[in-house]
Amino acid sequence: MGEVVQMHFTTVDYVIFVLLLVASAGIGLFYAFSGGRQRTTQEFLMADRSMSCLPVSLSLLATFQSAVAILGAPSEVYTFGTQYWFLGCSYFLGLLIPAHVFIPVFYRLRLSSAYEYLELRFNKTVRICGTVTFIFQMVIYMGVVLYAPALALNAVTGFDLWGAVLAMGLVCTLYTALGGLKAVIWTDVFQTVVMFAGQLAVIVVGASQAGGITEVWRKATNGSRIAGLDLNPDPLERHTFWTLGVGGVFLMLALYGVNQAQVQRYLSSRTEKEAVMSCYVVFPCQQIVLCLGCMMGLVMFARYGEDSPLDKGYVKTNDQMVLYFVMDVFRDLPGLPGLFVACLFSGALSTISSAFNSLATVTMEDLIKPHFPNMTEARATLLSKGLALVYGLVCLAMAYIASIMGSVLQAAFSIFGMVGGPLLGLFCLGMFFPWANSIVKGTLITVHFFFPSGLAMAFWIGIGSFVMRMSGSTPVPPLNTTDLPLLENMTTTVMTTLPTGVEALYSLSYMWYSAHNSATVVVVGLIVSLLTGPMKEKELTPGTVFPVLGTLLFFLPERYREKLCCITPLAQKVISYLHSPYKMAKKDRNGAAYCKEDTVTEDKEAESDKAQTEDEDMETRIAQPSCQLAAHTVQETAL
């Protein structure tokens, strides 16, 4: 084993890296002093609900295309082959379902926080549980995303570790706290372009040095890195078509369907149609990102073959292998290493800034506003900016904690992956199964039983797998701390034998975690709801249930479908909600969430409802965009 090799940046590389930070901060400052100057919570948290399709879609892509993914995907393909590429199959349903199910419900209810839906569907306690769970997972993940690429960069190039951490954290906090969601989205667009450019440059130069793409593919084929279609149904297998293509759907739904960071971008769109289109646009972009990551892994294999820098001792972990490869390839090309590092840190910045903004939103909307309904708009906006700033400082603190936790970080990574599934199950239970209840005979029973049961199951499997590996009771390969964007594979292992009983449960492929945990919540919730008395349609908040069962069970007589609460079209349910006491009370309490145009739109909807026009006309009206400022709402309501 050799000693760890350090390479160094040139002046040009440092200049390119600094330009990335300056440009990102500049975009934030531009939106802080232009337009409405972030004077309302509507503008600061929701970008005035005025964003077009393209920036929203690129921001959706950038949010979870973190530095961890940029480092991890090539390393995964280099080590295990292209089986990981089949994850692209999950993008079809993983983006189509949010586009046609989750977006219509969230957008038409005109929410600011995804967890407000949980209060409408179940009750306030469930909303708070969802919010606190989301805050918990994102705070942990922020520190990891900030620290991991800086650590890898420091190990390979000697780049100052805490200088990089502080530079990223402070710049990200600056433009998020000053520029709001508009700044976050437009910096995501800029950073996405940088990410594409950096990865493409590595592939082009690396393939050229290896003798061309044809030679790269030939070497990968001879080295058994080109994987075929593996139809093995065993859920214990780490990567097969089923784990990636089917289990990956649930992972995508947890990310693009119910995660606040993504939902907030949908809700910032000008119209529901543009929100849906953003899902369609992000689909080919996701495929391109996946291809770039996999191709980089193949180019790495063409250069090093079986003698990896990790095996030779040039680097200590798989995290650092991609950076070593980049510095090696660009050894005689000053500036290009800086471009890739800019690409790497763009991924980190986009993820962290999205986390800051979404955390400020859910804290404001779910935990503060309900207790201070008469808060002025100016104070609410100032407090929102303060929250973004506080979460920025918390992120830096989490980066420091990450630096001293050592291998315990793997447990932290597992926690982030484990809580996404139960949250997805909770939303699916409320949205697809109308009879799922939360209140039985005046006592809160059901949701407070099945949501914790899903979390408990998730933590049991994840932590049990981690402890079993750490105890050395199962043979495992070297852990790769950056295999996937969400690091969920920290809780999995490639098993050389098929264990039985509880050990088999611990060996479940990480790609099934979201499916398993969400299914636990749904199944337990349905059973308990049926035993304690299912809800009826008249007891539901209108617009909170997507009537998918009405389509799937079209062959049943109408009286049976009525019992399943899947008769009323979604458009009529939403119109009923718009004029419900809850909605009107919310408008009276806080003018920050809605605007005068919303009130006019609702009046038009009421008239059309009385005239019994077609459902399609109703859907068009309720998809009208929100207005630029919210201050007129209070005046309109008062009149």
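A Cβ is built for glycine as well, from the same backbone N, Cα and C atoms used for every other residue.
Automated prediction, rather than curation, is the source of TrEMBL annotations.
According to TrEMBL, the transmembrane segment annotation covers 14-33 (among others).
Marked as transmembrane segment by TrEMBL: 53-72 (among others). If you look at the transmembrane segment (53-72), the same-chain residues 6 or more away from its ends with a CB under 8 A from one of its CBs are 144-145, 148-149, 152, 184-186, 188-189, 191-192, 195, 199, 255-256, 261-262, 265-266, 268-269, 274-275, 277-279, 281-282, 285-286, 289, 293, 318-319, 322-323, 343-348, 350-351, 354, 480-487.
Taken from TrEMBL, the feature transmembrane segment applies to 84-107 (among others).
Among the features that TrEMBL reports, transmembrane segment is placed at 128-149 (among others).
If you look up TrEMBL, you'll see 161-181 (among others) marked as transmembrane segment. Remote same-chain partners of the transmembrane segment (161-181), defined as residues 6 or more beyond its termini with a Cβ less than 8 Å from a stretch Cβ, comprise 21, 24-25, 27-32, 38, 43-47, 146-147, 149-151, 153-154, 187, 264, 268, 345, 348-349, 352-353, 356-357, 385-386, 388-389, 392-393, 395-396, 399.
According to TrEMBL, the transmembrane segment annotation covers 193-213 (among others).
Below 8 angstroms of C-beta separation, residues 60, 64, 80, 83-84, 86-87, 89-91, 93-95, 97-98, 101-102, 114, 229-233, 279, 282, 420-421, 423-424, 427, 486, 488, 509, 511-515, 518 of the same chain, each at least six residues beyond the ends of the transmembrane segment (239-258), sit close to that stretch. Annotated transmembrane segment per TrEMBL: 239-258 (among others), in sequence order.
Remote same-chain residues near the transmembrane segment (279-302) are listed as 53-54, 57-58, 60-61, 65, 69-70, 73-78, 82, 84-85, 87-88, 91-92, 95-96, 98-99, 103, 192, 195-196, 199-200, 202-203, 206-207, 210-211, 215-217, 219-220, 223, 225, 256, 321-322, 325 (criterion: CB distance under 8 Å, separation of at least six residues from the stretch ends). For 279-302 (among others), the entry in TrEMBL reads transmembrane segment.
Tertiary neighbourhood of the transmembrane segment (339-362): same-chain residues 9, 13, 16-17, 19-20, 24, 45-46, 59, 62-71, 112-115, 131, 134-135, 138-139, 141-142, 145-146, 149, 153, 159, 164, 168-169, 171-173, 175-177, 180-181, 184, 187-188, 190-192, 194-195, 197-199, 201-202, 260-261, 264, 323, 326, 330, 384-385, 387-388, 391-392, 395, selected by CB-CB distance under 8 Å and a gap of 6+ residues from either end. Among the features that TrEMBL reports, transmembrane segment is placed at 339-362 (among others).
According to TrEMBL, the transmembrane segment annotation covers 382-405 (among others).
Annotated transmembrane segment per TrEMBL: 445-468 (among others), in sequence order.
Here TrEMBL flags 510-533 (among others) as transmembrane segment.
Summarising the annotation, TrEMBL assigns compositional bias 'Basic and acidic residues' to 598-613.
For 598-626, the entry in TrEMBL reads region 'Disordered'.
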Non-local residues, at least 6 beyond the ends, that sit with Cβ under 8 Å of the transmembrane segment (382-405): 38, 41, 44-45, 139-140, 142-144, 146-148, 150-151, 165-166, 169-170, 172-173, 176-178, 180, 352, 355-357, 359-361, 363-364, 368, 375, 412
